[in-house]
Amino acid sequence: MGSIEVAERTTVGLAAKDPSGILTPYTYTLRNTGPDDVYIKIHYCGVCHSDLHQIKNDLGMSNYPMVPGHEVVGEVLEVGSNVTRFKVGEIVGVGLLVGCCKSCRACDSEIEQYCNKKIWSYNDVYTDGKITQGGFAESTVVEQKFVVKIPEGLAPEQVAPLLCAGVTVYSPLSHFGLKTPGLRGGILGLGGVGHMGVKVAKAFGHHVTVISSSDKKKKEALEDLGADSYLVSSDTVGMQEAADSLDYIIDTVPVGHPLEPYLSLLKIDGKLILMGVINTPLQFVTPMVMLGRKSITGSFVGSVKETEEMLEFWKEKGLSSMIEIVTMDYINKAFERLEKNDVRYRFVVDVKGSKFED
């Protein structure tokens with residue numbers, strides 16, 4: 001169907017107004033549905049650790065007011081005249097990006113997350129010159145290219161964290177050829193992304209070792225998530241015994257930390273895959289890499305194509321996210337708890353079931 005002609009479309013969300021990171025109601029305008037756009041009523045939105053970085057200006061790039069949230073699941077209310085992949089009433093997803101140049105090597109290769117002109121779903125400037133706002137809001141308008149199809153049968157609240165955390169671990173395992181059953185993988189850090197790493201790696205048939213700074217999460221890692229073993233990084237004997245045992249490590253730690261203890265765990269040709277957003281330099285001595293032909297690499301979320309592939313995989317394997325559902329009136333408390341790592345393992349905001357007041 002074509003665009004509905006309205007003078008101005010507004011929506012209300014929860015926005016950070018300054019680096020305190022406190023979210024309060026904020027009304028703003030949305031563009032009308034263009035020919036390639038999808039107008040979405042938001043039902044759920046996941047809470048990511050990078051949202052915390054953004055609302056508090058930890059990376060020094062925040063612009064206010066800012067409506068965060070980039071793990072969006074909602075219902076299609078309207079589609080533009082050129083939209084063929086989606087129809088009114090469908091449940092769809094939107095991840096971290098809402099724009100790209102569509103002409104560079106990354107875009108031509110369908111890995112638009114590496115486009116140098118990508119447009120973030122919030123805290124960025126869209127092609128019309130307006131500031132993008134995220135998923136802690138009643139509704140949004142997104143170009144169809146960046147809208148994700150969700151397989152029937154997946155619960156929408158379960159899907160939300162997959163749109164960032166889920167594809168963040170799926171993408172590098174797929175790209176680096178680490179989907180083969182029988183591989184031995186390590187998951188460093190057991191937070192929102194880490195718990196997804198355990199689930200995805202186990203679904204690929206890998207032997208999974210969770211690596212953490214203490215044994216506080218040992219029981220849940222082994223019993224709740226199904227990890228095969230658990231390593232405490234300060235356990236010198238245990239770390240020595242595990243040397244040269246892993247094909248890869250997914251490093252999800254979002255703060256500065258030494259790399260050398262974990263490089264020693266890798267086999268020859270093993271990969272340490274960095275995923276945490278860290279704004280301080282990481283250090284290591286080169287022989288730790290050279291003497292095993294090991295690689296330190298990184299990966300950044302995933303493309304729309306990879307996300308849809310991951311969702312089909314998730315459905316096929318019958319996996320589920322471990323989430324805590326909250327409403328908008330709890331969001332500031334949720335961020336406080338997230339900052340203390342007090343969540344198992346991902347907050348998901350029930351936007352549809354929340355009340356907004358401005």
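Cβ from N, Cα, C; glycine included.
DSSP assigns His70 (Zn(2+) 1 binding site) to coil in the three-state reduction, placing it in neither a helix nor a strand. Counting every protein chain shown, 28 other Cβ atoms lie within 10 Å of the Cβ of His70 (Zn(2+) 1 binding site). Sequence annotations record features per position, and here Swiss-Prot assigns Zn(2+) 1 binding site to Cys48, His70, Glu71, Cys164 based on similarity to another entry.
In three-state terms derived from DSSP, Gly276 (NADP(+) binding site) belongs to neither a helical nor a strand segment and is classed as coil. For Gly276 (NADP(+) binding site), other Cβ atoms within 10 Å of its Cβ number 20. For Ser50, Thr168, 189-194, 212-217, Thr252, Gly276, 299-301, the entry in Swiss-Prot reads NADP(+) binding site.
Here Swiss-Prot flags Cys101, Cys104, Cys107, Cys115 as Zn(2+) 2 binding site. Under the three-state DSSP scheme, Cys101 (Zn(2+) 2 binding site) falls in the coil class. For Cys101 (Zn(2+) 2 binding site), the number of other Cβ atoms no farther than 10 Å from its own Cβ, over all displayed protein chains, is 13.
According to Swiss-Prot, the domain 'Enoyl reductase (ER)' annotation covers 21-349.
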### Task
Determine, to the nearest whole angstrom, how far the Cα atom of Cys104 (Zn(2+) 2 binding site) is from the Cα atom of Leu190 (NADP(+) binding site).
35
### Spatially closest candidate among Cys48, His70, Glu71, the listed binding-site residues, to Val193 (NADP(+) binding site) (Cα to Cα)
Cys48
#### Entry: Number of other Cβ atoms within 10 Å of the Cβ of Lys216 (NADP(+) binding site) across all protein chains
12
### Task
Measuring CA to CA, name the entry from the binding-site residues Cys48, Leu190, Lys216 that ends up nearest Cys101 (Zn(2+) 2 binding site).
Cys48
### Task
Just give me the nearest neighbour of Cys164 (Zn(2+) 1 binding site) among the binding-site residues Cys107, Leu190, Gly276, Cα to Cα.
Gly276
### Query
How far is it from Leu190 (NADP(+) binding site) to Cys48 (Zn(2+) 1 binding site), counting Cα to Cα, in Å?
14
### Message
For the C-alpha pair, I'd like the distance in angstrom between Cys48 (Zn(2+) 1 binding site) and Cys107 (Zn(2+) 2 binding site), rounded off.
### Response
25
